[in-house]
Amino acid sequence: MTTELRRKLVIVGDGACGKTCLLIVFSKGTFPEVYVPTVFENYVADVEVDGRHIELALWDTAGQEDYDRLRPLSYPDSHVVLICFSVDAPESLDNVQEKWISEVLHFCSNLPILLVGCKVDLRNDPKTIEELSKTSQKPITFEEGQVVAQKIGAYKYLECSAKLNEGVNEVFETAARASMLKFKPASVPKTKKKKHCILL
């Protein structure tokens, strides 16, 4: 009989980008219709990956700036980190590079990171497209998400819709698989020291 593995997953990203809905749909199977900002919340869910049973402790966090000093308390003893953004909010993808990746690398430097595009059901939503066009913006494309994932050295880029329950299980199966790896951040962006060549 195989022993059950326990893994801790932390999810971060801008406020209202879809983190909590993603966790609730995966762990409870229901989509919460009312938005209530999270401070800290924990869920537990089981996942079967490659014949192994894994208990995932899911740590939800607040994306709002008010909680920037509290959020780091969620990071210790984690095995994998999800950085989320919403495809209907281009600034949430900008913040992946401008805020979230530096915070995650500071507190979880050797962990696998998954970049997750949430709310993909809104990508082709006429109302969303119209609203974004007022500020000369468009919903984030799959390719744009993938480019950012490569830039931040993510283990993988995935997309999902918690509302339609599409791609949700794949996100957590991939995260569980990543959490079992001995991870070395080979492609994490680092500031390179300039080397000077001296010609003799």
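Here the Cβ of each residue, glycine as well, is placed from N, Cα and C on the backbone.
Checking the ranges 8-16, 35-43, 170-178 against Swiss-Prot, the motif 'Effector region' annotation falls on 35-43. Taken through DSSP, the motif 'Effector region' (35-43) splits into 0 helix, 4 strand, 5 coil.
Compared over the binding-site residues A16, V120, the count of CB atoms lying within 10 A of a residue's CB peaks at V120. For the binding-site residues T61, Q64, counting C-beta atoms within 10 A of each C-beta gives the highest total at T61.
The binding-site residues listed here are G13, K19; among them, K19 has the most other Cβ atoms within 10 Å of its own Cβ.
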